[in-house]
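Peer 1: This is the structure, below, for whatever I ask next.
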Amino acid sequence: MKDEKPLILVTNDDGILAPGIRALISVMETIGDVVVVAPDKPQSAMGHAITINNTLFLDKISKDDDTITEYSCSGTPVDCVKLAVNEILKRKPDLCVSGINHGSNSSINVIYSGTMSAAVEAGIEGIQAIGFSLLDFDWNADFEPAKAFVKKITLETLKNKLPPGVVLNVNFPKLSEKEIKGIKVCRQAKAYYAQKFDKRQTPFGKDYYWLTGKFTNEDNGEDTDEWALENGYISVVPVQFDLTAHHTMQQLNTWKLNG
């Protein structure tokens with residue numbers, strides 16, 4: 001009797017029609033049985049938002065005889081994972097992959113990322129999970145160089161298993177496959193956005209704003225994701241969703257909080 005193929009949930013934040021998710025699907029179908037649940041429109045920078053004050057709609061867009069089952073969802077990337085795990089799939093998936101995102105999710109971007117939040121939500125559900133991103137915002141970005149590395153990282157994750165509470169944040173430099181120097185396990189670089197708002201007015205005199213800003217990296221450590229990407233490597237950062245600052249607990253216990 002042949003081993004059962006792994007069940008793989010695929011999602012993203014750029015929307016179900018984005019080239020990045022199509023590239024990811026093409027890799028995953030060589031590994032296991034694939035179910036896709038992704039937003040029906042772009043949901044970038046949604047973070048871990050969920051829909052609680054509006055209805056959620058789910059539409060099956062694949063045909064019954066298609067080899068891959070696909071659904072589009074009116075909600076956020078995290079909504080997609082929640083619906084997939086609790087309403088669509090008959091069993092818990094062996095893996096959830098999110099992406100391939102059009103644009104970086106390295107460093108501080110991981111906090112804002114809908115791509116990574118979908119992976120984190122899967123991790124919360126006890127599912128092995130990986131978020132993939134390419135440092136190219138272009139809708140016509142070339143995902144071919146990333147595919148072999150996506151497959152390798154996916155197979156290693158399925159084989160070795162991540163510890164509970166940990167998911168992977170994988171970012172690819174915008175390089176050809178030959179130019180990529182390899183894969184580096186990294187820590188998240190310390191960076192921030194210098195925020196700026198472009199203030200404008202409607203024809204009726206009402207102010208409105210466009211958020212802009214400049215990404216600023218304050219961390220030149222050679223063990224960081226930003227260094228790896230700038231130097232031609234794929235960055236792999238293990239991300240945890242226990243946000244407790246454990247190293248600060250002892251200090252807080254010296255405060256006179258109860259007296």
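Counting begins at 1 with the first residue displayed.
Using the three backbone atoms N, Cα and C, a Cβ is placed for every residue, glycine included.
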Peer 1: Kindly point out which candidate in Asn101, Asn109, Asn140, Asn160 is recorded by Swiss-Prot as part of the divalent metal cation site with Asp13, Asp14, Ser44.
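Peer 2: Record check against Swiss-Prot: divalent metal cation site with Asp13, Asp14, Ser44, extra candidate from Asn101, Asn109, Asn140, Asn160 is Asn101.
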Peer 1: Which Cβ among the binding-site residues (Ser44, Asn101) has the fewest C-beta neighbours inside 10 Å?
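Peer 2: So among Ser44, Asn101, the binding-site residues given, the one with the fewest Cβ atoms within 10 Å is Ser44.
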Peer 1: Looking only at DSSP and grouping its letters into three states, which state does Ser44 (divalent metal cation binding site) belong to?
Peer 2: coil
Peer 1: Among the binding-site residues Asp13, Asp14, which residue has the fewest other Cβ atoms within 10 Å of its own Cβ?
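Peer 2: Fewest other Cβ atoms within 10 Å, among the binding-site residues Asp13, Asp14, is found for Asp14.
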Peer 1: Hey, for the divalent metal cation site built from Asp13, Asp14, Ser44, Asn101, who else sits with CB inside 8 A of the CB center?
Peer 2: Asn12, Gly15, Ala18, Gly20, Pro42, Gln43, Ala45, Pro77, Gly99, His102, Gly103, Ser113, Gly114, Thr115
